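Per TrEMBL, domain 'Succinylglutamate desuccinylase/Aspartoacylase catalytic' is recorded for A:6-191. Feature annotation from TrEMBL assigns Zn(2+) binding site to A:HIS14, A:GLU17, A:HIS106. The substrate binding site annotation in TrEMBL covers A:ARG56, A:ASN63, A:ARG64, A:GLU164, A:TYR279. The active site, proton donor/acceptor annotation in TrEMBL covers A:GLU164. TrEMBL lists A:205-291 with the feature domain 'AstE/AspA barrel-sandwich hybrid'.
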Number of protein chains: 2
Amino acid sequence: MVKPAQVLVVAGTHGNERNAPWLLEHWRRQPEALQRHGLDVALVLGNPAAHKVNQRYVERDLNRCFAPELLADSSRNEADLQRARQLLACHGPDAEAPSLVVLDLHSTTSAMGNSLVLYGRRPADLALAAGLQGELGLPIYLHEADASQTGFLVERWPCGLVIEVGPVPQGVIQAQICRQSQLGVEAALAVLAAAQRGRLRLPAELVVHCHLGSLDLPRHPDGSPAACLHPELQHRDWRPLRSGDPVFIDPCGKEIGLALPPDLVGESVCPVFVNEAAYGEKGIALSLTRRECWPVGPDWLLALTDIASQLAQRGAPL
Amino acid sequence: MVKPAQVLVVAGTHGNERNAPWLLEHWRRQPEALQRHGLDVALVLGNPAAHKVNQRYVERDLNRCFAPELLADSSRNEADLQRARQLLACHGPDAEAPSLVVLDLHSTTSAMGNSLVLYGRRPADLALAAGLQGELGLPIYLHEADASQTGFLVERWPCGLVIEVGPVPQGVIQAQICRQSQLGVEAALAVLAAAQRGRLRLPAELVVHCHLGSLDLPRHPDGSPAACLHPELQHRDWRPLRSGDPVFIDPCGKEIGLALPPDLVGESVCPVFVNEAAYGEKGIALSLTRRECWPVGPDWLLALTDIASQLAQRGAPL
């Protein structure tokens, strides 16, 4: 017999994102806050060592540690990678107390609002995202086909997504950011509970922003930045850009326009993670996406319902 | 004969405040950008080791290292304290190439706008601040009589102040923040150059926000926060508060009002450094000030003119 599984909620995968860990403390003191949907929810602080020192990570970004080859490489033992293995051992789909769905709570210095990030096109993830978009209208960033950014936490669970809220500085707790994160988690649990009871209805379409690529700042030959983000682009995540629109500005005031590859000239693209503090070291000043409307696939709901049916029920829903 | 002195501009006293260091790079590549007032300006990166790792400090906040007893304590050798001694040895008022005025450039996650911070009531500082306020209308936070926060950099030079701009997350460069910092530096140099030529005219009054004290978050017995900043107070630096106005909110939504000591009940106070990321570890959720209008003292201009007359001239002003 299959073991009834939990829904895993991870807060503080990055140690300097403080809003979700603040909520986690609250949920631990008041467990009923997340119990109204009758699901068995496991709460975990993603990277306690990084959280303690208020830094994104200790040695390696925990949210880039979940690539199978990295997890399996016994010669690698960075603190964060060990934490990734530990999270899978305790809460992975094959753990003693398994989780089948993971909600990974993040915050960003970019003006993303309350948004969802998906990694790839797994039907169950798409169904969960469609349900959440139907409920709260959240925009969705689909990250895929980017060889330079891999090993995301949610990929190691059968179903999962990131709830990403901003703008908020690193190290700062803001009530509004917490509120939006909480709304996202509550809505996700409602969608999962509805799927479990066979009552989930998905919208006909999913609006999704598909990753096209990322732009780095223009740089001097020595690697130092030669320009910064154009002020007109600051806080303008999701707003369409066209080829030639100003994206950077140098210290003398010279504007640098968006250069799109030939197949995208004439199209509009939507920027995300604009000037995210943590991405400077990754060489990402912003990422570009294409807004698409997809019909919701008939297999999506089935995939999510299959997983949701394996989730434990914690008494009758209130 | 007295040696002609420089004006010292310090960027990146805190290693995760990136906007002023970005300007510094620009000024170094284009020195003429700061030369129009004919003053000899020394540019220095405050804490290179902290800047390199994008952290506020290495072992101890550099901007709390400048207390005379700490500088003189040969048993103390934290990296940041050693850097403080080095800055004084290279650029202090008694250095081989001395500076007599220091402009220390900071950024904050609080919505302070472009503002000035003074430490104590030195006449020359007040004159420089009055000149800047006359020029740009900047609000002034006068930090004084706070035994828990001491050892600020500018206190070790005969004249100096902090130019504090926000809101901007740690680790992020924003064109608008850089522009405001640059305006502040240019205006300060203009005031100093005018004082040097005996042509400085100060406004009749200085509007100053005098430090009253700081508030920490309400906390559980184990020290963890029991409430966060009230969303109505977020981004509301400088806006008057009265006794009883909501300042914190707990996770269940209970509001906690401002409790003022008896002598302040009935008055309005102005919050500053509201929810500054770096002050969590200092136990400061916000500081409270009293807005006062002071007549500009007759000794202020004399004190600043005396110092300005000792500044080197770099050829004729352009």
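Glycine residues also receive a Cβ, built from the backbone N, Cα and C atoms like all the rest.
Looking only at the binding-site residues A:GLU17, A:GLU164, the densest Cβ neighbourhood within 10 Å occurs at A:GLU17. The binding-site residues in question are A:HIS14, A:ARG56, A:ARG64, A:HIS106, and the one with the fewest Cβ neighbours inside 10 Å is A:ARG64. A:ASN63 (substrate binding site) sits 8 Å from A:HIS14 (Zn(2+) binding site), taking the CA atoms of both as reference points. Packing around A:TYR279 (substrate binding site) is summarised by its Cβ count: 21 other Cβ atoms lie within 10 angstroms of its Cβ, all protein chains included. Broken down with DSSP, the domain 'AstE/AspA barrel-sandwich hybrid' (A:205-291) shows 9 helix, 35 strand, 43 coil. Same-chain neighbours of the Zn(2+) site beyond A:HIS14, A:GLU17, A:HIS106, judged by a C-beta within 8 angstroms of the site's C-beta center, are, in sequence order, A:GLY12, A:THR13, A:ASN16, A:ALA20, A:ARG56, A:ASN63, A:LEU105, A:SER107, A:THR108.
Per Cα geometry, A:HIS14 is the residue among the binding-site residues A:HIS14, A:GLU17, A:HIS106 nearest to A:ARG64 (substrate binding site). You'll find the Cα of A:GLU164 (substrate binding site) roughly 12 Å from the Cα of A:HIS14 (Zn(2+) binding site). When the Cα atoms are compared, A:ARG56 (substrate binding site) and A:HIS14 (Zn(2+) binding site) turn out to be 5 Å apart. Largest Cα to Cα distance within the recorded substrate binders A:ARG56, A:ASN63, A:ARG64, A:GLU164, A:TYR279: about 16 Å as a whole number.
Around the Cβ of A:ASN63 (substrate binding site), the number of neighbouring Cβ atoms within 10 Å comes to 24. The Cβ centroid of A:ARG56, A:ASN63, A:ARG64, A:GLU164, A:TYR279 marks the substrate site; residues of that chain outside this set whose Cβ lies within 8 Å of it are A:THR13, A:HIS14, A:ASP61, A:HIS106, A:ALA278, given in sequence order.
On a Cα basis, A:TYR279 (substrate binding site) lies 14 Å away from A:HIS106 (Zn(2+) binding site). Taken residue by residue with DSSP, A:HIS14 (Zn(2+) binding site) is part of neither helix nor strand, so it is coil. In the three-state DSSP scheme, A:ARG64 (substrate binding site) falls into the helix class.
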